[in-house]
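Working notes, beginning with the structure itself.
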Amino acid sequence: MPQLGLLHGRVWASLLGKLLRPPGAVCIGAVHSHSQGQRSMWVAEAVLVSQLKPHQEKSNFIIKTPKGTRDLTPQQMVVREKILDLVVSCFKRHGAKGLDTPAFELKEVLTEKYGEDSGLIYDLQDQGGELLSLRYDLTVPFARYLAMNKVKKMKRYHVGKVWRRESPTIVQGRYREFCQCDFDIAGQFDPMIPDAECLKIMCEILSGLQLGDFLIKVNDRRILDGMFAVCGVPESKFHTICSSIDKLGKMSWKDVRHEMVAKKGLAPEVADRIGDYVQCHGGVSLVEQMFQDPRLSQNKQALEGLGDLKLLFEYVTLFGIAEKISFDLSLARGLDYYTGVVYEAVLLPTPAQAEEEPLNVGSVAAGGRYDGLVGMFDPKGHKVPCVGLSIGVERIFSIVEQKMKTFGEKIRTTETQVFVASPQKNFLQERLKLIAELWDAGIKAELLYKNNPKLLTQLHYCENMGIPLVVIVGEQELKEGVIKLRSVASREEVAIKRENLVAEIQKRLSES
């Protein structure tokens with residue numbers, strides 16, 4: 001950097017004095033009287049300040065969450081945690097172990113696992129030589145974990161966030177960032193026993209959440225592939241046509257047929273033959289009917305799938321859930337990694353909803369068998385058969401939240417059991433000693449962070465927050481060696497000996 005002349009030095013001194021000098025400080029001497037290094041530092045700082053200033057002056061900056069994401073309020077978190085508690089307790093009841101994986105994976109781990117949905121993966125900027133992507137679901141990371149650690153058998157659950165770069169429809173509970181709850185059984189077992197257990201788990205969770213009537217549609221990818229083959233679909237188009245069929249829950253058959261013919265080049269007569277099958281649904285009798293179908297019964301893959309479905313219906317009957325299961329030839333589950341049985345739970349609309357949403361009330365849980373996914377990560381291609389399910393937490397959360405609004409249910413955002421209060425001034429120390437005793441005994445307790453709060457203010461706080469009990473300490477109580485215990489709901493007060501207070505509170509809480 002060339003030497004600054006005296007004139008330039010004085011100009012810089014003036015500029016830098018304004019930009020860098022703290023208020024009230026006096027600048028002694030000109031810039032030219034300082035060393036070259038100091039001048040360089042001052043110039044750099046001046047440039048930095050000039051770059052920052054326009055950003056500080058932005059007036060059109062909107063504070064918002066990114067598209068397809070949201071904050072959850074304390075009230076919403078209470079509802080969410082109740083849902084998750086019910087889901088996870090069911091997973092544990094069925095013997096699952098917890099597992100967690102990174103929020104992002106190597107890009108190549110996720111590539112080519114999701115078919116047409118691969119375009120929805122969020123890629124991250126290269127940060128040190130690794131190409132990374134945010135996880136799209138919890139299934140592929142689980143398969144990678146099994147292969148990497150050479151695990152051959154595992155029953156696991158995983159609750160975590162996933163990311164999809166799609167156009168979000170918040171009304172239907174669809175987001176770009178959302179939570180998934182997965183349960184999976186990995187290992188070589190006799191056919192359809194783990195698959196039937198997955199369906200039983202879905203029934204237990206959906207019944208426990210009391211969302212209304214529901215139905216679990218089941219199909220088999222081998223039946224679908226067999227159907228495509230006998231209908232005349234070229235093998236190269238199996239995956240893309242499967243992806244179209246998967247949209248039947250959201251689109252009419254007419255629109256799906258148009259997509260297959262006009263956009264994917266399928267012959268119209270082939271699409272019509274597919275239409276004869278995909279509009280069929282029923283119970284085990286439909287499975288028997290498909291065994292007799294002149295075209296489908298000639299396909300080996302389809303017969304294998306039908307045989308497994310017949311066995312599946314036998315097991316779900318023993319589990320007492322057969323009336324909730326429907327064999328539906330339109331169910332495809334568009335993800336590429338499914339290899340056998342697939343299933344999806346939908347809520348059945350009430351008559352009022354049926355008029356508004358004739359096509360779809362919403363999928364709230366789904367899953368299937370993916371026997372080849374682990375082998376894709378194993379250097380020697382060793383396969384570990386897997387089957388699993390995923391609970392649609394966001395969709396369920398939206399439904400539960402709407403129900404609570406409809407019925408006007410009030411939600412407690414804390415679990416505080418006891419509030420420590422005083423009616424008099426200068427009792428902060430006594431309140432602190434008392435609340436410490438309660439905390440040490442494992443009791444959830446609060447107090448107001450004020451030296452001398454008014455008693456009415458403290459009691460109003462308890463009513464607003466739904467805190468059931470108040471302990472009151474004052475001059476009279478100190479003299480008598482007692483503490484007043486007040487029920488917020490009934491407003492009844494009793495004097496309890498100080499040494500018996502914790503036991504009395506624990507007794508009351510256990511009875512409530």
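Even glycines carry a Cβ here, placed using N, Cα and C.
The L-histidine binding site annotation in TrEMBL covers ASP137, LEU138, THR139, ARG164, GLN180, ASP184, ARG333, TYR337, TYR338. Note on ASP137 (L-histidine binding site): other Cβ atoms within 10 Å of its Cβ, all shown chains, come to 20.
Per TrEMBL, domain 'Aminoacyl-transfer RNA synthetases class-II family profile' is recorded for 68-423.
Residues ASP137, LEU138, THR139, ARG164, GLN180, ASP184, ARG333, TYR337, TYR338 are the ones the record ties to L-histidine, and the longest Cα gap between any two of them is 21 Å.
Between the listed binding-site residues, namely THR139, GLN180, the fewest other CB atoms within 10 angstroms of a CB are found at GLN180. Averaged across the domain 'Aminoacyl-transfer RNA synthetases class-II family profile' (68-423), the predicted model reaches a pLDDT of 91.
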